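*Asks:* Mind looking over this structure? Questions follow.
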């Protein structure tokens, strides 16, 4: 059973780096072409104030993913390590297929008329609910319950890695990005991650 003190207890450096790398990579790849990345582009184009938008993305992701990872830990109490391993494999395979499906926002009306920080925080937090990056965070939390804080740090950094450049180049149109090719490459990487998890 998960012991909540493990959130802050030190882990071996090698394990921490492994969890951090997997968390960053998984979420950064899953975020490519995702609706929250498109939301970042929309927010940047609308407000043209990158600092409050990036701060809002950071805090919204931290809050959302902390909750998601904790829920994953709760589920992990009822699953064996072998089952968790194959849940992770299946999740990577699912991501490989999911990433190939173009995502879109529900509409600009979902963006608040408040200031850039408040509007970005609310919009980003709500957009993450049920999103594939949130689901991935829950699964990672279940798999690496002994290093939960590093899962949260890694998934948050992964979101920033994928979204900060989009905010900074918000003047560019998403139509000019080779999203089709990017999605295919990303799907291939998720497939490799699934194979590596299953057999190594």
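Note that the numbers count up from 1, one per residue, in the order the chain is shown.
Heads up, the Cβ atoms here are built off N, Cα and C, so glycines get one too.
Swiss-Prot lists 13-33, 53-73, 81-101, 110-130, 150-170, 180-200 with the feature transmembrane segment, giving sequence analysis as the kind of evidence.
Tell me about the surroundings of these features in the structure.
*Replies:* Packing against the transmembrane segment (53-73) from elsewhere in the chain are residues 2, 40, 43-44, 47, 116-122, 124-125, 128-129, 133-135, 137-143, 145, 148, 151-152, 155-156, 159-160, 163-164, 167: each is 6 or more residues past its ends and has a CB under 8 Å from a CB in it.
Sequence-distant contacts of the transmembrane segment (150-170), counting only residues of its own chain at least 6 positions beyond either end whose CB sits under 8 Å from a CB of the stretch, comprise 11, 16, 19-28, 30-32, 34, 36-37, 40-41, 43-45, 48, 50, 53-54, 57-58, 61-62, 65-66, 69, 133, 136-137, 140-141, 144.
Within the same chain, residues 25-26, 29-30, 32-33, 85-86, 88-90, 92-93, 95-97, 99-100, 102 sit at least 6 positions outside the transmembrane segment (180-200) and bring their C-beta atoms closer than 8 Å to a C-beta of that stretch.
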*Asks:* Which residues of the same chain, at least 6 past either end of the transmembrane segment (81-101), have a Cβ under 8 Å from a Cβ in it?
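*Replies:* For the transmembrane segment (81-101), the sequence-distant neighbours (Cβ-Cβ under 8 Å, at least 6 residues beyond its ends) are 26, 29-30, 32-33, 132, 135-136, 139-140, 142-143, 183-184, 186-188, 190-191, 193-194, 197-198.
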